[in-house]
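K.L.:
I am attaching a structure below and will ask some questions about it afterwards.
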Amino acid sequence: MATYKLLLLPGDGIGPEVMAEVKRLVGWLDAQGIAKFETEEGLVGGASYDADKVSITDATMAKALAADAVLFGAVGGPKWDSVPYEVRPEAGLLRLRKDLALYANLRPAICYPALAESSSLKPEVVEGLDIMIVRELTGGVYFGEPKTVTDLGNGQKRAVDTQVYDTYEIERIARVAFDLARKRRNKLTSMEKRNVMKTGVLWHEVVTQVHQREYKDVALQHQLADSGGMQLVRWPKQFDVIVTDNLFGDMLSDIAAMLTGSLGMLPSASLGDTDPKTEKRRALYEPVHGSAPDIAGQGLANPIAMLASFGMALRYSFDRGDLADKLDAAIAAVLAKGLRTADLKSEGATVVSTSQMGEAIVKELEALHA
């Protein structure tokens, strides 16, 4: 049986609490002989700053580079608002993404039947929703140069951000999206703004070329990103996999997040290239939610997004889709029984703590393996 090297970076706020439930799950899988893990733990964010005056140490970064997958909790909080900008807690996550060369961000939006009433949309619109947004993570307007603010000398200033994409950046993110679509419902929607942006013209052109060369079996649709946002709210189940750039991906994935009813439910994966020597893809997995310092240490945090992020690691880093499917089923079963953390509480539901939710999911997984 293969041994998977896993680096756990709990971070700040509720990060350690939700990561504790991953440790519980990993321990159970190990004890049952279902999967074998070699786990290490490190500091990141404010916790790292408090200990070492940096948001992530070189030693922890070396562990991340050596791991098969990195599991990340959350960083930040008011405690560190006044620390120097270059060592702010969030800089630790940015360095991880940069040094691991993670360019593909995967954000699933799944609405479990038991939570359809929690969405702001009608239950029939979101029940059974299962879409994947693939966001390009290292290019575009967030990283393009020049990026300046110029004083024009007449009481006016001019701010400039630059949207830049090269062909190879679009090709590689398109391949990730097409490969995912092939394993799902064989449908990909590419979103850009080719009607007003030259990068949108190139994006449309390159995605079309990749489709024609390599993925003719996948149904490809092009859509303007603003229209896509509208359609996500109007009838989200029309989509399967959506691929888009950094800026639009940031916006569209947040729109999709709220279709599900709670940020506490949503995992994410950030993937790099596959090493041709080891055939391993560098990857970082994290919940979409933040550090929520206002509820930290109270047992109120929802661990499902963190556990589902580990599920994505099982699927994309460890090639254990069988286990990932069972974990998803266990989460759905627990929710169907009416167990809810505080963020999901509703009439008739049983409100449970962070650890009680994690324990219930592991017990359900145990029943599925019986």
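Here the Cβ of each residue, glycine as well, is placed from N, Cα and C on the backbone.
These figures come from a predicted structure and were not determined experimentally.
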K.L.:
Looking at substrate binding as recorded in Swiss-Prot, which candidate out of R88, R135, R194, R213 goes with R97, R107, D226?
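P.N.:
The one candidate that Swiss-Prot places in that substrate site: R135.
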K.L.:
Using a 10 Å cut-off between Cα atoms, which of these recorded positions sit near R107 (substrate binding site): G77, D81, P89, Y142, K193, D254?
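P.N.:
Cα within 10 Å of R107 (substrate binding site): D254.
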K.L.:
For the substrate site made of R97, R107, R135, D226, how many Å separate the two farthest Cα atoms?
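P.N.:
Pairwise Cα check on R97, R107, R135, D226 gives a maximum of 27 Å.
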K.L.:
Roughly how many angstrom lie between the C-alpha atoms of Y142 (site 'Important for catalysis') and Y85 (NAD(+) binding site)?
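P.N.:
Between the alpha carbons of Y142 (site 'Important for catalysis') and Y85 (NAD(+) binding site) there are 17 Å.
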K.L.:
Helix, strand or coil at D250 (Mg(2+) binding site), per DSSP?
P.N.:
helix
K.L.:
Rounded to a whole number, how many Å is the Cα of R135 (substrate binding site) away from the Cα of D254 (Mg(2+) binding site)?
P.N.:
11
K.L.:
Long-range neighbours only, meaning 6 or more apart in sequence with Cβ under 8 Å: which ones does L300 (NAD(+) binding site) have?
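P.N.:
L300 (NAD(+) binding site) has long-range Cβ partners T341, A342, D343, S353, T354.
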